[in-house]
Amino acid sequence: MQLITNFSSSSSELQFLVDKVKRESLSSSSSNTQNLFLSTSPYDTAWLALIPHPHHHHHHGRPMFEKCLQWILHNQTPQGFWAAAGDNISDTDDDVTLDCLLSTLACLVALKRWQLAPDMIHKGLEFVNRNTERLVMKQKPSDVPRWFTIMFPAMLELAGASSLRVDFSENLNRILVELSQNRDDILTREEVDEKKQYSPLLLFLEALPAQSYDNDVLKQIIDKNLSNDGSLLQSPSATARAYMITGNTRCLSYLHSLTNSCSNGGVPSFYPVDDDLHDLVMVNQLTRSGLTEHLIPEIDHLLLKVQKNYKYKKASPKSLYSIAAELYRDSLAFWLLRVNNHWVSPSIFCWFLDDDEIRDHIETNYEEFAAVLLNVYRATDLMFSGEVQLVEARSFATKNLEKILATGNIHKTNADISSSLHKMIEHELRVPWTARMDHVENRIWIEEIASSALWFGKSSYLRLSCFHKMSLQQLAVKNYTLRQLVYRDELAEVERWSKERGLCDMGFCREKTGYCYYAFAASTCLPWSSDVRLVLTKAAVVITVADDFFDVEGSMVDLEKLTDAVRRWDAEGLGSHSKTIFEALDDLVNEVRLKCFQQNGQDIKNNLQQLWYETFHSWLMEAKWGKGLTSKPSVDVYLGNAMTSIAAHTMVLTASCLLGPGFPVHQLWSQRRHQDITSLLMVLTRLLNDIQSYLKEEDEGKINYVWMYMIENNQASIDDSVRHVQTIINVKKQEFIQRVLSDQHCNLPKSFKQLHFSCLKVFNMFFNSSNIFDTDTDLLLDIHEAFVSPPQVPKFKPHIKPPHQLPATLQPPHQPQQIMVNKKKVEMVYKSYHHPFKVFTLQKKQSSGHGTMNPRASILAGPNIKLCFS
């Protein structure tokens with residue numbers, strides 16, 4: 001009764017969370033979807049907060065984007081720094097990154113600009129003084145990421161010119177001077193609009209010293225590189241600086257569009273986001289978190305919309321800067337569309353293979369492309385036969401991902417690849433997609449911080465803020481723990497059945513009830529009924545015990561009697577072990593027969609009995625071969641029998657009878673010998689088993705495909721034979737995946753195909769790099785995490801909201817004025833821009849024919865601004 005009460009309560013809470021996610025993240029009526037998407041960048045938010053309002057000249061004026069300043073006031077962490085909204089904030093500085101230093105300095109400058117929150121400024125400076133040396137000196141100046149080398153000296157200069165005092169040690173000062181020199185070398189070596197770097201200098205416009213560039217030339221470069229939306233490389237901070245320099249109304253329109261989309265005041269580091277990318281990332285998060293079954297209509301709607309958009313999308317020239325976002329989106333689209341049975345061509349993301357410049361760009365900046373390459377690799381998991389493009393894409397992605405893993409200390413990379421992403425790359429390369437348990441993969445995705453990372457942006461990975469909203473995280477965890485409750489109950493039930501049937505106490509056989517149930521329950525997150533999982537497990541237990549009886553316990557007389565009893569379906573004349581096996585089988589078949597009749601009104605007694613007889617007969621043939629009672633078979637004869645004796649189809653076809661009312665049971669049974677998908681499953685599971693058990697079976701005198709191929713091919717070594725079998729597996733696996741994910745060659749119910757795929761994953765997991773099935777403890781930790789231990793997710797602490805309010809002089813008027821975007825109004829911004837800090841003071845540049853500097857470009861002006869250390 002208590003279990004039922006707990007389950008009912010958990011189910012109600014789960015449905016509440018599902019409805020909440022639908023409203024907040026998936027409803028077509030939800031506004032400002034961009035605000036749900038990328039995490040807030042304090043750095044970019046601060047740069048928008050620095051722009052003054054054109055209509056307020058009293059005292060120090062007021063910011064144009066007050067919501068950005070309010071966000072800064074309300075989002076300092078207890079430790080004194082600013083971090084992306086949704087980041088895991090610990091009680092110490094241990095998790096602080098280089099990016100936090102930049103964000104904190106930018107926010108402090110914004111507060112100082114508007115003469116607000118001196119206590120917050122003091123706390124922020126303490127953080128900077130306390131952590132800069134530790135973070136910067138983790139590596140040599142030459143190993144510091146390029147983006148930090150460009151941005152940090154500029155932010156220190158801006159902070160110093162804003163009278164923000166930082167106290168650094170002499171040792172750190174020397175390092176920072178060297179860092180500044182490295183920055184100067186970069187600025188000298190690279191053109192401002194050079195496109196070869198992963199992030200061109202123009203992306204760091206706000207950090208470029210004004211005295212280093214002719215203002216008129218810089219304005220021309222900015223105008224030339226503005227996107228149609230008015231942004232400079234879709235960077236809010238760079239666009240804010242571009243607006244300060246040029247007064248371009250397109251930039252201003254972009255900034256207003258940005259802030260209008262971000263209701264909480266904090267802006268992301270990348271905007272706008274492609275609508276298809278937004279939808280794809282949402283579906284990916286829901287799918288990999290194991291939430292598909294609760295949101296099928298919503299997911300189908302989004303994928304159909306994406307597929308339609310791709311159908312009419314025209315090829316367009318691609319800039320090197322946009323490659324990361326486009327390749328991330330297109331490879332994700334391919335994976336999600338194909339895995340959900342939509343037709344899609346590899347060409348939608350393999351375009352990068354045909355452009356030598358793009359390939360070279362990715363290989364040169366492979367560390368920054370880590371998350372993108374991981375997406376490409378995942379997409380190639382879904383390779384069909386003959387898809388040469390995917391073979392090449394997989395080779396390219398594998399080579400570069402292996403280089404990332406080979407770097408060892410990830411803190412020395414040019415991109416700040418997190419240890420979490422590093423672990424995910426390692427996992428993807430080590431474990432084949434077809435050997436992963438969906439339920440376990442869901443847990444990994446829920447727990448790993450990098451699961452919300454998209455591609456590397458300006459100074460950090462763009463991250464999905466929506467995933468860190470409490471409702472979605474709660475839904476993923478609640479769904480997982482509710483599944484665990486169901487799984488524990490079902491495992492207890494199947495263990496009771498196994499014990500009652502006497503299968504646990506045979507004495508000679510492997511007791512694998514827990515392993516079998518774990519494999520079939522965890523292999524998929526599809527909403528199969530409890531009956532399907534239980535029947536699969538019971539069938540697997542019967543097969544394991546019977547197979548061991550034929551291999552090690554029964555005499556030839558016993559084996560022939562048992563096989564004949566199954567043919568007659570009559571236990572008369574059977575001994576103790578034989579009778580126990582038959583009665584357990586009879587109980588299972590009767591259970592399936594009754595439930596199938598209740599669902600579909602069809603009696604499948606004869607079908608089931610014939611299916612199981614064929615399996616027992618194949619075991620009898622193997623026993624005769626092993627004991628030398630008949631001549632050794634050829635490879636083809638062996639494989640024909642071994643495909644049946646592995647009994648994968650026996651489990652799948654038995655359980656398929658319970659896939660639901662209306663399932664075409666008789667049609668499938670009548671055609672089962674002609675189903676390619678079933679035949680492929682049979683040969684794959686047999687070869688997966690043989691390639692991991694040939695040494696053991698040689699010792700036991702059993703026939704195995706690996707040994708038989710070597711014997712029939714005199715010149716082949718054992719390694720040659722293993723490679724031959726692995727090649728067959730790879731080819732057949734592509735054919736099998738094509739049957740599962742495409743209706744073109746396999747017009748069967750989706751649930752039937754997915755049941756086959758689940759069975760393949762079970763065998764691939766058991767026989768991936770070793771024979772795990774025969775171990776006693778290798779899966780115990782996995783089983784505990786799958787059924788008992790709840791996911792360990794970071795607990796996100798809300799930032800402490802200080803009591804600061806904008807002073808009256810900075811408060812918005814009662815009747816907000818509409819800012820007219822025209823040249824006259826824009827000029828007012830600069831006529832009233834009396835900034836109190838030296839760094840904003842107009843400096844004359846010694847002209848060499850280029851004229852004087854524009855006052856609007858003076859935010860980082862000053863002919864010889866040095867690092868302002870005390």
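Note that Cβ sites are derived from N, Cα and C of the backbone, with glycine treated the same way.
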In Swiss-Prot, which of 342-346, 547-551, 567-571 is labelled motif 'DDXXD motif'?
547-551
When you average the Cβ positions of ASN689, SER693, GLU697 for the Mg(2+) 3 site, which other residues in that chain have a Cβ within 8 Å of that mean position?
ASP690, ILE691, GLN692, TYR694, LYS696, LYS702, ASN704, ASN771
Name the secondary structure element type, per DSSP in three states, that contains GLU697 (Mg(2+) 3 binding site).
helix
Per DSSP, what is the helix/strand/coil residue tally across the motif 'DDXXD motif' (547-551)?
5 helix, 0 strand, 0 coil
Taking ASN689, SER693 as the binding-site residues to compare, which has the smallest set of other Cβ atoms within 10 Å?
SER693
Hey, how far is ASP547 (Mg(2+) 2 binding site) from GLU697 (Mg(2+) 3 binding site), Cα to Cα, in Å?
13
Are there any residues at least 6 positions away along the chain from GLU697 (Mg(2+) 3 binding site) with a Cβ closer than 8 Å to its Cβ? List them or say none.
ASP690, ILE703, ASN704, TRP707
Taking the Cβ of ASP551 (Mg(2+) 2 binding site) as the centre, how many other Cβ atoms fall within a 10 Å radius?
18
I need the CA-to-CA distance for SER693 (Mg(2+) 3 binding site) versus ASP551 (Mg(2+) 2 binding site), whole Å please.
14
